[in-house]
Amino acid sequence: MKLAVYGKGGIGKSTTSCNISVALAKRGKKVLQIGCDPKHDSTFTLTGFLIPTIIDTLQEKDYHYEDVWPEDVIYKGYGGVDCVEAGGPPAGAGCGGYVVGETVKLLKELNAFDEYDVILFDVLGDVVCGGFAAPLNYADYCLIVTDNGFDALFAANRIAASVREKARTHPLRLAGLIGNRTSKRDLIEKYIEAVPMPVLEVLPLIEDIRVSRVKGKTLFEMAEQDPSLDYVCDYYLNIADQILARPEGVVPNDTPDRELFSLLSDFYLNPGKPQVPNSEEELDLMIV
């Protein structure tokens, strides 16, 4: 099974991806997480350091694939999750999608691509150009990470459009949305009224999720020292269980940009009844 995780830049895709990977491993699956971001920090939470990228390794070997060994590019992370970072071209040059293609090509050359029960692609940002939509060509399911905010849902809508386009020629389905660090879900609910799709889980607004990223540890690893975090791990285990059940998923219908802008902004600015935010937790959406 191959998964592609997308979402607005900075929404918490890598943290979410790492915890889902560990949850899948705890369900007895052999998991490979592939970071598809030039920042090459997708797997930092699993390994605790920035691992060398495939592109760096290929450059060192003068692009002689036969000189690359699995241990040169595949690193063991927490929970037994194997980790790969695709890397990227020099800033302002080249195509990230090409890098993803080279990564898959090398892993196939190493006979590694088919050794895993689950391969998870963690893909950069919300700009789903043809290049960075490349992981969708390999994926069975797409997962979109969002929050209860306007911008994240706007990005989710564009990603949904990419899933629909790829599904024309590939057996790809959208598994659903994952709400990350949000105390409310009213805008999420409003969005899925317009664009029906499952919501796999909505993670609570707790600082430990953000802290885990800085520490370079998954929530599961942190919970070993602080059992009070076990309940957070259960959210990721629930997502893993839903994915392993091989859901039917959907081929989404995106809403035109202007229509979605109007829908969400009107809902936010004109709620059904007056609401006065009384804490930081309720300020999930900020329009600037």
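Note that Cβ sites are derived from N, Cα and C of the backbone, with glycine treated the same way.
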Next item on the list: Among Lys29, Lys30, Lys39, Lys61, find me the residue Swiss-Prot lists at the same ATP site as Gly10, Ile11, Gly12, Lys13, Ser14, Thr15, Asn180, Arg181.
Entry: Lys39
Next item on the list: Let me know the DSSP-derived helix, strand or coil state of Arg181 (ATP binding site), please.
Entry: coil
Next item on the list: Please name the residue among the binding-site residues Lys39, Arg181 whose C-beta has the most neighbouring C-beta atoms within 10 angstroms.
Entry: Arg181
Next item on the list: Would you count the other C-beta atoms found within 10 angstroms of the C-beta of Cys95 ([4Fe-4S] cluster binding site) for me?
Entry: 15
